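Notes follow once the structure below has been shown.
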Amino acid sequence: MKFIDQAIIHVIAGNGGNGCVSFRREKYIPKGGPDGGNGGDGGNIWLEANNNLNTLIDLRFKKKFQAQNGQNGSSRKSSGKKGDDIKIHVPIGTKVINYQTREIIGDLIQHKQKMLIAKGGWHGLGNARFKSSTNRTPRQSTLGSIGEKRDIQLELMLLADVGTLGMPNVGKSTLVTNISGAKTKISDYPFTTLHPVLGSVNIQKNKKFIIADIPGIIKGASYGAGLGIRFLKHLERCKLLLHIIDLVPQNNCHPSDNIKTVLNELKKYSLKLYNKPRWFIFNKIDLLSVEELNQIIKEIIFQFKIHEKYYLISSMKKIGIKKLCSDITKYLKK
């Protein structure tokens, strides 16, 4: 299924039903008094998070949702039926924004969590409600109010504990696949990963974390080049970022050049994301001699003044993976 992480929908809640003007008319009761009933409330429109969904694709084809109007009141003090509500299912992690005002209405981050996005109109009052000691035959009633209508922007931001970032083809997908079993495409051409993928990493019983793999970032991404910058928002909820670095890059650049590219694009995108806890993960150590490896790591640590944790791994050969996952679990428990 195609991954869609944005949608704009137009929602119209139901109008409230009108109150009724009516008088009781029965044999032998010439002055039965007012018996006009109230109208029914208009139907509401809700969003509900569903953990069986992982895309907003359905909302790209159906953009307008209109709830049912409340029915009008009738005689014998009969109230109109309330309009039926509409419930729109969205993936967990959906951010809800008022499209016109840009106000963030809220986030849906738990299964079956509900959010009211358009409230139905109030019911109108029938004339029975206006009877008093001084007005025994009221002829007034009220109209039901208009239901809310608005445009809602939905943005899916995946919920993951850990996120991976780096240039294309640095081994992010291989790492995520090997530690979680997530089904992510792996090949030797750029942008193999076309959309974010989530994987669940189970270390031991009650010890697990969710990891997100997003498309690679290239130079100029913040100006629209490549794919990765669009999906960086999916890392905003992560508690830890893993910057995967290919020690034998296919673009014939020194690894430090690629590190600089990713960090520059990350900084341009969001300082908040740039300042998130980040570990450097040096991948493909199996393709270098010990001397070459030590020299490159020494140069990178000196150039970038790395004080954060860093790891030497081979995602293909699964070298250093167990230690990395164990340390991630410990970090997330802090």
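Using the three backbone atoms N, Cα and C, a Cβ is placed for every residue, glycine included.
Here the structure is a predicted model, which means the values were calculated and not measured.
Annotated in Swiss-Prot:
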type: REGION; residues: 67-86; note: region 'Disordered'
type: COMPBIAS; residues: 68-77; note: compositional bias 'Low complexity'
type: DOMAIN; residues: 160-333; note: domain 'OBG-type G'
type: BINDING; residues: 166-173, 191-195, 213-216, 283-286, 314-316; note: GTP binding site
type: BINDING; residues: Ser173, Thr193; note: Mg(2+) binding site
DSSP three-state assignment (helix, strand or coil) for Ser314 (GTP binding site): strand
Other CB atoms, at most 10 A from the CB of Asn169 (GTP binding site): 21
Position of peak Cβ density within 10 Å, selected from the binding-site residues Lys172, His195, Lys284: Lys172
Those binding-site residues of Gly166, His195, Pro215, Lys284, Ser314 having Cα within 10 angstroms of Ser173 (Mg(2+) binding site): Pro215
In the chain carrying Ser314 (GTP binding site), residues 6 or more apart in sequence that have Cβ under 8 angstroms from it: Asn283, Lys284, Ile285, Asp286, Gly320
Local confidence of the domain 'OBG-type G' (160-333) - pLDDT mean: 85
